[in-house]
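Peer 1: Dumping the structure here so I can ask a few things about it.
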Amino acid sequence: MGKPAARTRSNAAATTPGTITAAFGRHYEVETAEGRIQCYPRGKKSVFACGDEVEVLPGGDGQGVIEQLQPRRNLLWRSDAFREKLIAANLSHVVIVVATEPGFSDLLVSRCIAAAEHQDIVPLIVLNKADLASRLESARAQLAPFAALGYEIVETNALGDPATLRDRLFDRRSILVGQSGMGKSTLTNALVPEARAVTREISTALDTGKHTTTFARLYALGLEGWLIDSPGLQAFGLAHLTPESLAESFIEFRPLLGHCRFRDCRHEAEPGCALLAAVERGEIHPRRFEHYRTIREEIATARKLNPGW
């Protein structure tokens, strides 16, 4: 399959530039200098994501057609053997939201970090509901392997003062990702006061009554920055990564890659494996190595099911 297509037919003479601020199926909201336009892609394929910079051909009644996609700086997306899902484009940060209650998957955190590292996007972990003291220490312990690697972890309470997190995200281009129930939308409402009103407006326009967690939505945050709230994740497949790029996406592996005794080392039980030796020495956390193996096997299975990858 390869990377999703990134260009449609151009009609530059009559188009106006804009940024996709909401994506729901084949329906997109595009912010232009003249205001928001409800747009559809030309043709059958929807190859756009929140944060994409596009050229649109305005029509009547505040609607238009997306004619061209500008080159992306990066693209956050997930995939399994047969499907791919574009999440957001042109990001500076991926903000991975976890919470003390309910419990969270540290494997999903590793998946999100790998996807971000693969696209040269900075990961930031937010531990939400940090005011629940009875669960705080266990959540910190679960995140300790990521903190040891230098990934920044911000503890916050979405119902309190979000100033610390706002300072990290102001004038940056970020997306909140994570499992359902982690408080992403509550954080968005705290960081962007107008988010509730905008969500109601879009739901009314679509006649769906759906909440913001059913589709990705971009909000301005500072003069140059924005924040995307995205639906809760139940899975984050990385079938589009090669085994080599997956290993590179685990930053603690990078100094060791290419130093195994055998060039085709699979880091299973081969003698002279640099990664296994590092696990034994305590330089690679066993939990992270377990995450790597799990994701690698999923990628191998996906490629057997669909050699087109």
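Placed from the backbone N, Cα and C atoms, the Cβ positions cover glycine too.
Under the heading domain 'CP-type G', TrEMBL lists 73-236. Look at TrEMBL and you will find 89-234 tagged as domain 'EngC GTPase'. As annotated by TrEMBL, GTP binding site applies to ASN128, LYS129, ALA130, ASP131, GLY178, GLN179, SER180, GLY181, MET182, GLY183, LYS184, SER185, THR186. The Zn(2+) binding site annotation in TrEMBL covers CYS260, CYS265, HIS267, CYS273.
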Peer 1: Since the record lists SER180, THR186 as binding-site residues, which of them has the fewest other Cβ atoms within 10 Å of its Cβ?
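Peer 2: Ranked by other Cβ atoms within 10 Å, the binding-site residues SER180, THR186 bottom out at SER180.
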Peer 1: Taking Cα atoms as reference points, rank the binding-site residues CYS260, CYS265, HIS267, CYS273 by distance from THR186 (GTP binding site) and give the first.
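Peer 2: In terms of Cα distance, THR186 (GTP binding site) lies closest to HIS267.
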Peer 1: Using DSSP and collapsing to three states, where does ASN128 (GTP binding site) fall: helix, strand or coil?
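Peer 2: Looking at the DSSP assignment, ASN128 (GTP binding site) belongs to a strand.
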Peer 1: May I ask which of the binding-site residues ASN128, GLY178, MET182, LYS184 is closest to HIS267 (Zn(2+) binding site) if we compare their C-alpha atoms?
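Peer 2: Its closest listed neighbour, by Cα, is GLY178.
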Peer 1: Give me the non-local Cβ neighbours of MET182 (GTP binding site): same chain, 6+ apart in sequence, Cβ-Cβ under 8 Å, ordered along the sequence.
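Peer 2: Expected: VAL97, VAL98, ALA99, PHE104, ASN128, GLY232.
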Peer 1: Would you count the other CB atoms within 10 A of the CB of CYS265 (Zn(2+) binding site), including those on all shown protein chains?
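Peer 2: CYS265 (Zn(2+) binding site) is surrounded by 18 other Cβ atoms within 10 Å.
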Peer 1: Give the three-state DSSP assignment (helix, strand or coil) for CYS260 (Zn(2+) binding site).
Peer 2: coil
Peer 1: Rounded to the nearest Å, what's the C-alpha distance separating SER180 (GTP binding site) and CYS273 (Zn(2+) binding site)? Just drop the number here, would you?
Peer 2: 38
Peer 1: Distance between GLY178 (GTP binding site) and CYS260 (Zn(2+) binding site) at the Cα atoms, whole Å?
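Peer 2: For GLY178 (GTP binding site) versus CYS260 (Zn(2+) binding site), the Cα atoms are 34 Å apart.
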Peer 1: What average pLDDT does the predicted model assign to the domain 'EngC GTPase' (89-234)?
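Peer 2: Taking every residue in the domain 'EngC GTPase' (89-234) and averaging pLDDT yields 87.
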